[in-house]
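Heads up: the structure comes next, in structure tokens.
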Amino acid sequence: MDIFSKITQDDCKKMSEPSTGQFAISCALLAWLLVSYIPQFARIIGRKSAEGLSTLYILLGSISGTCAVANIMVLPTSQTDIACCRHYTRFGCISRLLGIFQVVSGVSLFWCIASSFWTAGLLKNKKSETDAICRMFLYVYFSEEEADAELHGRRRSLSSPDRTFRRARRAIRLLIIVVAFAFAIMLISAVILNRFPWYSQEWANVLGVCVACFACVQWVPQVWTTIHLGHLGSLSLASICMGAPYTWIFGINMILRLGLSGWSVWIVYVLVGIMQLTLIVTAIIYMIRDNRKARRADATSATASSSSRRDVSESPSTRALRPQLDRWNSFAAANAEDGGNERTPLLAGRNKHVEETASPRRVI
């Protein structure tokens, strides 16, 4: 006997009136989520590199997302919404299932960052197999593609060759681990829902703890990688800045939807929001530092260019006497500002004599 057989029509009637305001907020959050990932996709594809993305960050984030999907699917409240959907109106059904769709969409978009196709070698030599396999995700693809480009001399990698090849090897292992873990979690969840539905709340709590632990630890290696590199690399600051408010608002929305009993769902968003704010502050500090370095470099290059133009315009003899001429002229200018004295004509005459000596003489 599964959990759906215990849900009566009276249980569904108690939940049949959806909130229009909450539905509008959920739709806005879903659109916000989709838009917030666009800068991240654009940055990775534009740089054609996975540099700056921590492998552990991708691994833990993918595992955490898998647990989050399983968690919200096995919650008794979610099972009630799914079972009662036939008793709701179409608007009521969509409104009740929108929370589940939000979690699934967020995890799917993160997996799209995780990698893309299998390997650049398969793309070149086994195109029919890759067409059948279809897409995997951005992290694996660009790790492999960057390593292949470095190996065949198409372009140099943004990081060192050794680091690029290590990242490519780790990407394949990461993909295998994540897919195996997702399959195991979904299989266990299906067995519990169909054979042991009375354990669904306990299993959801276990998954919620796993989500919270993985999500909290997930951002630690990413922050460390950013600090170690001294820049964001392929990590998009715009995407993080757009995602942080979404994380907090969605977490509050889940608190209102599920209450304190659904803590295993919303606790992860609170923890992730704190770590995102930490990464944003770190990135802003690096941006300020880089802007200051760029201004100093521009000022230095402008000074060097001005000095070079002056040296080219002067004759060799004048250039040789330039330090002495500058010293005499500055001394004469200081005396002129003081109103002049008995030595001023002598200095002026001496400067004139030196300048005539420095200029080439005509031989008659």
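Using N, Cα and C of the backbone, Cβ positions are placed for all residues, glycine too.
Remote same-chain residues near the transmembrane segment (23-42) are listed as 91, 94-95, 98-99, 101-102, 105-106, 109, 112-113, 138, 235-236, 238-239, 242-243, 246, 249-250, 253 (criterion: CB distance under 8 Å, separation of at least six residues from the stretch ends). Summarising the annotation, TrEMBL assigns transmembrane segment to 23-42 (among others).
As annotated by TrEMBL, transmembrane segment applies to 54-74 (among others).
Sequence annotations record features per position, and here TrEMBL assigns transmembrane segment to 94-118 (among others).
Under the heading transmembrane segment, TrEMBL lists 171-191 (among others).
If you look at the transmembrane segment (203-220), the same-chain residues 6 or more away from its ends with a CB under 8 A from one of its CBs are 56-57, 60-61, 63-64, 67-68, 70-71, 74-76, 185, 188-189, 192, 263-265, 267-268, 271-272, 275-276, 278-279. Annotation comment: TrEMBL describes 203-220 (among others) as transmembrane segment.
Within its own chain, the transmembrane segment (232-251) has Cβ neighbours under 8 Å at 25, 29, 32-33, 35-40, 42-44, 47, 49-53, 102, 142, 158, 222, 225-226, 266, 269-270, 272-273, 276-277, 279-280, 283-284, 286-287, counting only residues six or more beyond its boundaries. Summarising the annotation, TrEMBL assigns transmembrane segment to 232-251 (among others).
Residues or ranges marked as transmembrane segment in TrEMBL: 263-288 (among others).
Marked as region 'Disordered' by TrEMBL: 299-320 (among others).
The feature region 'Disordered' is assigned by TrEMBL to 336-364 (among others).
The annotation compositional bias 'Basic and acidic residues' is assigned in TrEMBL to 352-364.
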